[in-house]
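The structure appears right after this line, and notes come after that.
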Amino acid sequence: MAGDLTFFALFLAGLTLMGAILGPWMARVFTGRVSFLAPVEHALYRAAGISPVGQRWTAYATAVLVFNAAGFVLLYLILRLQGILPFNPQGFGAMESSQAFNTAISFVTNTNWQSYGGETTLSHFSQMAGLTVQNFLSAGTGIAVAVAVVRGLAARSAADIGNFWVDLTRTVLYLLLPGAIIIALLMVWQGVPQTLAANMTATTLEGGQQVIAQGPVASQVAIKMLGTNGGGFFNVNAAHPYENPTALANLIQIYAILVIPAAFPFFFGRMVGDRRQGWAIFAAMSALFVAVLLWAYLAEAAGNPLHASLVEPGTSMEGKETRFGLAQTVLFAVATTVASCGAVNAMHDSFSALGGMIPLLNMLLGEIIYGGVGAGFYGMVLYVVLTVFLAGLMVGRTPEWLGKKIEAREMKLAALTLLVMPLGVLVLASASILTGNAAGSVQDQGPHGLTELVYAYTSGTANNGSAFAGFGANTTWHNTMIGIAMMLGRWGYVIPVLAIAGSLAAKARAPETAGTFPTHGRAFTVLLVVTILIVGALTFLPVLALGPIAEHVSVADGQAF
Amino acid sequence: MISQLRPALVMLGAFTVLLGLGYPLAMTGIAQVTMPRQAGGSLVERDGAIVGSVLIGQAFTRPEYLHSRPSATDPAYNAGSSTGSNLGPSSAALLAQVRERAAAQGPGPVPSEMATASASGLDPHITLDAALRQVDRIAAARGVPPAAVEDAIRGATTGPAFGLLGEPIVNVLAANLALDAQEG
């Protein structure tokens, strides 16, 4: 226990340090002060007919949508045609159409929900040219949008919020690709395969045959973590010993998930010329992170009361890997769901009732505790807008943030985004139940079955991609509906938040006065945390009560289903 | 909208070549040259034949071998199709499985990992505690002193992660290879 808590404290210190180093680097990249790959950039812009000048928010949003649509079509075609494409040593045929739709949407929206099992469905070509590419580009899209939002906040009376193509290219060239190369090589060093070979057959010590799936795993694992994508090479994702072979590999992967999200507040602080603004947001994120981490840790450490007389006291190892143990399993589960990663190194479905509720809660809050790459920060921007609005109501002044007045238009847009999660989670999950599509897909009886369903739709809407994997999501209904939830959860935030960025960019910065509510310091951080909990969590309290909380009291009472 | 079509298509094409072919193929080349053992899946050979991967668990049922954890794959330890059971904490099916596994290994409470399926179904490790409980059985089946079995197990043991976390763990395949080698 003491060792585990020490580890968590050291982890957080390390994350803070990395964020504080990477944030300023990002500020240099996105203000054009890093240019050692300028020839590559300019060649790309020339070939694509791009003039790298600022775009209004409408043009920026259009570019995002057209680029994502093109990415969707290409990925869908690759999945459908993989049977006749190269690098297919296992001879896999086309993916079924509703599953290919779901998978293509999933990777374009940075969700990376796995309705498929990687090693039994996908060719090496689909993994590389299909999924790995969207791992970079969906992450790049999220980061670009968040950069544009920060630029809008930092600007004074500006018409534009930057250029999407430039932001995307710079994200890939100066952030994601170098990071992925380093992480991929570290992963191979730790034992993650990187080969184009077909599956191997081994003759085991007892004389049996063991088929061992192989592939270009490390290159995909690296970016699936760094880009908070989370779509695994193998069915069981980062729980597979080839995808995550050691405790050190596991730690590197957790840092890879959170490093860019943790850098964003520092980047923001630099860009708006007031680092305290970034620290206040980072502090709110970290406070929530510590809370959910400790909750999940204590819930998992308690073990399963139903098995108490059968196994030794301590955590239930069902769905967990021995090499990670309790601390690294819980840390991974929390990291992957506070960010929009969704990779798993344990089966969340088999977590204790309250331990499994934390990943669900992390997603329902909107993945803003560090959050997905880019997506986490622009999600947090919306909460900040709400917080200053509430603060403004309390003191009876027009709310301001960074000297910019938050007015009706921004508030309407921010309020609109509050509807996305309830719509995707509550409405679509209810529709599944009412149309009779839930009962056949849930694996477990009792309240746990409801949690499986709600987790699936939450994961889709939050663009997370982790699952209570007992849930049979590969049906036409769920492939389609979760596909819709993923679109809603992506562009339902991207478009309003870019609109807010455009409208804030256009505003002048009013000077600070004695009546200005400061958006830095402890009071603001506390208010932000409270707003997140009230707005984010209360909506979902009833469904949490019917699912994990009901299961917890049942299990405590000796009831199995 | 139309004016963005050319940038979108050209950028997508260029990035697909760079990130979808250039990056993974370059990583494959570098990995195969500099770290061929790991890049090829950390396979283990004995007498010229591949007997498995040191990273991937195997099913062991004979009494003379150290036994791995239960596995939810079909068949157990199917490294071509990984899966966990995904059974929830309140599952009656899980309770029945745990009861049956514990009874087979009892008497008394057993280490949790020996009564539960791992996440991947391919977990290559068990805890040192769970391994040492099997020493007497293995020694009797092989007709060797328990100390020799314990030596083989300790040789395949790694300490708590970072010297901080959890318990020492044993690589089951490595321990069993060491046991076989003792008979040599």
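Cβ atoms are placed via backbone N, Cα and C, with glycine included.
Taken from TrEMBL, the feature transmembrane segment covers A:7-27 (among others).
Among the features that TrEMBL reports, transmembrane segment is placed at A:57-79 (among others).
Annotation source TrEMBL lists transmembrane segment at A:172-192 (among others).
Counting only same-chain residues 6+ beyond the ends of the transmembrane segment (A:247-267), those with a CB under 8 A from a CB of the stretch are 11, 14-16, 18-27, 30, 143, 146, 150, 175, 179, 183, 186-187, 190-192, 221-222, 225-226, 228, 238, 275, 278-279, 281-282, 285, 323-325, 328, 331-332, 335-336, 338-339, 341, 343, 345, 370-374, 376-377. Taken from TrEMBL, the feature transmembrane segment covers A:247-267 (among others).
For A:279-298 (among others), the entry in TrEMBL reads transmembrane segment.
Per TrEMBL, transmembrane segment is recorded for A:324-344 (among others). Within its own chain, the transmembrane segment (A:324-344) is flanked in space by residues 3-4, 7-8, 11, 110-113, 224-225, 228-232, 236-239, 247, 250-251, 253-254, 257-258, 261, 288-289, 292-293, 296-297, 300-301, 314-315, 351, 355, 358-360, 362-363, 367, 369-373, 375-376, 459, 462-467, 469, which lie at least six positions past its ends and keep a Cβ under 8 Å from the stretch.
Sequence annotations record features per position, and here TrEMBL assigns transmembrane segment to A:351-370 (among others).
Residues annotated as transmembrane segment in TrEMBL: A:376-395 (among others).
If you look up TrEMBL, you'll see A:415-434 (among others) marked as transmembrane segment. With a threshold of 8 Å between CB atoms, the same-chain residues lying at least 6 positions outside the transmembrane segment (A:415-434) that come near it are 364, 366, 382, 386, 441, 453-454, 456-458, 460-462, 477-478, 481-482, 484-485, 488-489, 492-493, 496-497, 535-536, 539-540, 543.
The transmembrane segment annotation in TrEMBL covers A:481-502 (among others).
Annotation source TrEMBL lists transmembrane segment at A:523-545 (among others).
Tallying C-beta pairs under 8 angstroms between the transmembrane segment (A:57-79) and each of A:172-192, A:279-298, A:481-502 places A:481-502 first. A Cβ distance under 8 Å defines the sequence-distant neighbours of the transmembrane segment (A:7-27), meaning residues of its chain 6+ beyond its ends; these are 34, 147, 175, 251, 254-255, 258-260, 262-271, 278, 282, 286, 289-290, 293-294, 297, 327, 331. Within the same chain, residues 4, 8, 12, 16, 19, 262, 265-266, 268-269, 326-327, 330-331, 333-334, 338, 354-355, 358-359, 361-362, 365, 368-371, 380, 384, 519-521, 524-525, 528-529, 532 sit at least 6 positions outside the transmembrane segment (A:279-298) and bring their C-beta atoms closer than 8 Å to a C-beta of that stretch.
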